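Colleague: Look at Swiss-Prot and you will find C152, C155, C205, C208 tagged as Zn(2+) 1 binding site. Taken from Swiss-Prot, the feature Zn(2+) 2 binding site covers C169, C172, C191, C194, and the record attributes it to sequence analysis. What Swiss-Prot lists as domain 'J' is 5-70. Sequence annotations record features per position, and here Swiss-Prot assigns region 'Disordered' to 230-249. The repeat 'CXXCXGXG motif' feature in Swiss-Prot is assigned to 152-159, 169-176, 191-198, 205-212. Per Swiss-Prot, zinc finger is recorded for 139-217, and the stated evidence type is sequence analysis.
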Amino acid sequence: MSKSDYYEALGVARNASDSEIKKAYRRMAMKYHPDRNPGDKEAEARFKEAKEAYEILSDPQKRAAYDQFGHAGVDPSAGMGGAGGPGGPGGPDFADIFSDVFGDIFGGGGRRGGGGRRVFRGADLRYNLELSLEDAVRGTEVQIRVPTQEVCDACDGKGTKEGSQPETCPTCKGHGDVRIQQGFFSVQQTCPRCGGSGSVITDPCRKCGGRGRVQSQKTLSVRVPAGVDTGDRIRLSGEGEPGENGGPPGDLYVQIMVREHEFFQRDGANLRCEVPISITKAALGGEVEVPTLDGRVNLRIPAGAQSGKVFRVRGKGVKPVRGGPQGDLLCRVHVETPVNLTKKQKELLEEFGRTMDDTGDKHTPRTSSWLDKARKFFEDWKL
């Protein structure tokens with residue numbers, strides 16, 4: 001059975017805090033509690049799903065591994081009993097579920113064993129792919145190595161030694177589920193012995209320990225289309241975990257993450273950049289050379305340009321991956337105050353300042369307006 005995303009299972013964002021994850025789990029546990037939803041199989045499944053998600057996301061190390069590699073990063077075989085998996089001789093003791101009043105309710109549903117009769121699709125995997133802005137905008141092809149679980153070639157995924165066959169589970173009599181009565185509680189849950197398969201492996205394969213799978217890695221080629229951005233996903237069909245008992249494999253989702261750039265910031269289809277200009281260039285106008293992802297362009301600065309003014313270079317942005325017009329490059333200028341002046345430069349600026357004294361309202365209207373407001377403020381408050 002394909003596993004859902006753990007963050008989606010709890011209804012939280014991927015950057016959710018520990019407290020947000022804990023609150024979300026409590027809310028889901030109360031809503032889908034089996035005692036509140038007797039006989040509701042869907043509620044029971046959601047309850048177990050939320051519990052499993054919380055077990056991973058509440059652990060910093062497991063969460064980091066899951067964020068990087070998805071379900072494979074937290075070891076899909078974890079939680080399977082001993083050498084034989086959930087249906088092997090190392091399976092959990094049936095009595096363990098009676099540890100306390102809520103032990104049966106909060107006990108997880110074991111994963112399906114390799115020797116069961118039911119057929120399930122493999123779990124989906126996720127891989128975080130970090131790209132430069134240039135590669136994201138232009139498109140590229142990269143090779144990635146991902147951890148995966150492959151079908152054991154020694155037993156062909158059956159989990160048993162050659163000549164051996166799974167046996168009917170003695171705990172659930174082949175049903176895959178057990179009902180537990182404890183006081184006022186009556187809970188039906190996945191059989192802890194066979195993990196819901198209805199069968200147990202008494203003579204497990206030595207190579208895979210009865211799981212039917214072995215840990216491995218594979219190299220895949222990923223074609224990244226031009227225009228992708230952080231948060232986009234690329235689906236590689238059939239590259240997830242193999243299915244159980246002959247089921248189809250899951251998919252691999254490549255999650256795009258674009259690194260910060262030295263010059264540009266992505267804003268949808270547009271690119272933004274900061275351009276420092278000198279005080280003389282701002283006052284007199286001129287041209288300044290700015291970079292684009294296609295090369296250099298000359299940006300025309302009109303006389304009297306103010307700091308913070310944004311100039312548009314059309315067609316130098318991003319062509320959206322889902323179609324639409326190409327974006328623009330938005331250049332925000334900042335007038336830079338000169339520093340480390342020579343004596344001569346200071347004298348020239350002082351002379352320039354004196355020529356502005358009588359005509360400031362004409363050349364610097366914002367400053368003159370601000371000074372007028374400040375004077376009025378002082379007069380009103382007699383400061």
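Glycine is no exception: its Cβ is also placed from the backbone N, Cα and C atoms.
Bear in mind that the values here come from a model prediction, so they are computed numbers and not experimental data.
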Colleague: In three-state terms from DSSP, label C152 (Zn(2+) 1 binding site) for me.
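Modeller: Reduced to three states, the DSSP call for C152 (Zn(2+) 1 binding site) is coil.
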Colleague: Average the per-residue pLDDT over the repeat 'CXXCXGXG motif' (169-176) and send me the rounded value.
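Modeller: 84, rounded to a whole number.
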Colleague: Sorted by position, what residues of the same chain at least six away from C172 (Zn(2+) 2 binding site) have a C-beta under 8 A from it?
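Modeller: Set apart from C172 (Zn(2+) 2 binding site) by at least 6 residues yet with Cβ under 8 Å, we have V178, C191, R193, C194, G198.
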Colleague: Rounded to the nearest angstrom, how far is the Cα of C169 (Zn(2+) 2 binding site) from the Cα of C152 (Zn(2+) 1 binding site)?
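Modeller: With distance taken Cα to Cα, C169 (Zn(2+) 2 binding site) is 23 Å from C152 (Zn(2+) 1 binding site).
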Colleague: Quick check for the class: what is the C-alpha distance, in angstrom and rounded, between C155 (Zn(2+) 1 binding site) and C169 (Zn(2+) 2 binding site)?
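Modeller: Spelling it out, the Cα of C155 (Zn(2+) 1 binding site) and the Cα of C169 (Zn(2+) 2 binding site) are 20 Å apart.
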Colleague: When secondary structure is assigned with DSSP, how many helix, strand and coil residues does the repeat 'CXXCXGXG motif' (191-198) contain?
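Modeller: Once the DSSP states are binned, the repeat 'CXXCXGXG motif' (191-198) shows 0 helix, 0 strand, 8 coil.
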Colleague: In sequence order, what residues of the same chain, 6+ apart, have a Cβ less than 8 Å from the Cβ of C205 (Zn(2+) 1 binding site)?
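Modeller: Set apart from C205 (Zn(2+) 1 binding site) by at least 6 residues yet with Cβ under 8 Å, we have C152, A154, C155, K158, G159, T160, K161, G212.
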